[in-house]
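Structure record follows, encoded as structure tokens.
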Amino acid sequence: MPSICFFILVILVCSLRAALGADPYVFYDWTVSYITASPLGVKQKVIGINGEFPGPILNVTTNWNVVINVKNDLDEPLLLTWDGIQHRKNSWQDGVSGTNCPIHAGWNWTYEFQVKDQIGSFFYFPSLNFQRAAGGYGGITINNRNVIPLPFAVPDADITLFITDWYTKSHKELRKDVESGTNLGIPDGVLINGVGPFRFDDTIAPDGFPFLTINVEPGKTYRFRVHNVGISTSLNFRIQNHNLLLVETEGSYTVQQNYANMDIHVGQSFSFLVTMDQNASSDYYVVASPRFVNSSWARATGVAILHYTNSQGPASGPLPDPPNDYDTYFSMNQARSIRWNVSAGAARPNPQGSFKYGDITVTDEYVILNRPAELINGKWRTTLNGISYLTPSTPLKLAQQFNISGVYKLDFPNKLMNRPAKLDTSLINGTFKGFMEIIFQNNDTTVQNYHMDGYAFFVVGMDFGVWTENSRGTYNKWDGVARCSTQVYPGAWTAILVSLDSAGIWNLRAENLDSWYLGQELYVSVVNPESDGSEGALPDNTIYCGLLSPLQKDQAQRVKFSGAPSISGSSTTILVLLIMAFGAFIW
């Protein structure tokens, strides 16, 4: 009898390990609503999540499953998108207009996605109606599993910073300005974590502004995850008297290099290790200031305080110097210096360098040219290759799922065509498991930034002037950093390479909110011709709209309450049954 009991106990333990060995689940309930805040001393409505502005940080680990029940308490439709989360073969969860119907005011929808084989620093934000200008953003931190060591000593703590240009106008007023062709103008300020500047200058930052204090301990090293979640302003980030050791950007470990400051463009995220190695005779300034602008922008400077626990007094003296305001060459050279750490382990226990992108044959080539806003059919619009994206009432992914013709065309041109600019819903027809080269050519007068959902792409080259076939000779084909957002300087080009190994319909957009809102986006359709069933199925809780509106069921039938334990239901069931069976046998 004891041997039989021992045998059953071994089976129970092995089964328990198998049950608990599944990728964990984490559950959140979020209410997105307007709250009142005074980030620049003036009361205004901002978008908060569960009453927080900025919103909560998703702190998860590689391969975890994330379930977020989102209730829309705004007065207009809402979608949240997860900037940099790849949603492998599951573009249904992407949260942009081409993949999802919006969550109507008063409705809710449950996002379910896995942070598959990813690590690093990302963020989320509302993707519709210029809402990011009012907030609704927050951080996403994806940690390595314990079996994958960091390529640096474990820092003493994490600090997440959101830097953003900010206007006291509402997002609704700002989008009307953009629609009318009015330039956004100088921001009213730059926020750090949703609050205004420290009183570094009485004429610029009057007394009474709320500001951020970052409390640190001498001798310790902190990982600063810094996200530019703004509208359209490139920002230079720096900490007085402290070096920034760059270690990661948007999911890729980088070659570790010290910087005195870093240009962080709209939509970009960086991780720095900062050691508290000063004598703490005073506090220190943390600064985020606009780039490539004139002195009239001085009021738009974000300043926080780095406070050592043994500090002897307040921060003093001038702010640490930024680079020369108009020196785009400095900024480009800095960007070129960011390299991929090809020997570091990432989400999986294999070196990143095992994927040699420089040896892969390019199958598709696109030169995508942007232009400043222009009038098309009497309305101000922006274009990519002469096409301003027209959002259909039926999301592209739903139209594809239900074989609805006429919603979109797979005919986005691979270069600017000799024809008038137009409104259209034109997609890139991507080759599944192909290798695409995209060159962004910036014909605007400001820095433009581009993001691609679903993938990390390799930034292999950038330079001033017009890209030509000979420009490929300057490409970095070994350790160009892999990321999801890149800048393109005015009068310059940036080249990326991307492996289209994830089926779905994926958004490629300008991160500058004014450019995006007026039409600078498109989608890449990647279809697996073998239809092997690996792509995520239509979610049970899909919201229907446009031509598919008749399929929409009552809201109550779509609600999924996410108050559940952080292990999968099947694992829990198996565990309970095993314990009951063993208990019954012993009895």
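The backbone N, Cα and C atoms fix where each Cβ goes, and this holds for glycine too.
Taken from TrEMBL as is:
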SIGNAL    1-21  signal peptide
DOMAIN    32-146  domain 'Plastocyanin-like'
DOMAIN    158-310  domain 'Plastocyanin-like'
DOMAIN    394-530  domain 'Plastocyanin-like'
TRANSMEM  567-586  transmembrane segment
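Mean per-residue pLDDT, taken over the domain 'Plastocyanin-like' (158-310), amounts to 95.
Counting residue by residue with DSSP, the domain 'Plastocyanin-like' (394-530) contains 17 helix, 61 strand, 59 coil. The domain 'Plastocyanin-like' (32-146): residue composition by secondary structure is 7 helix, 52 strand, 56 coil, according to DSSP.
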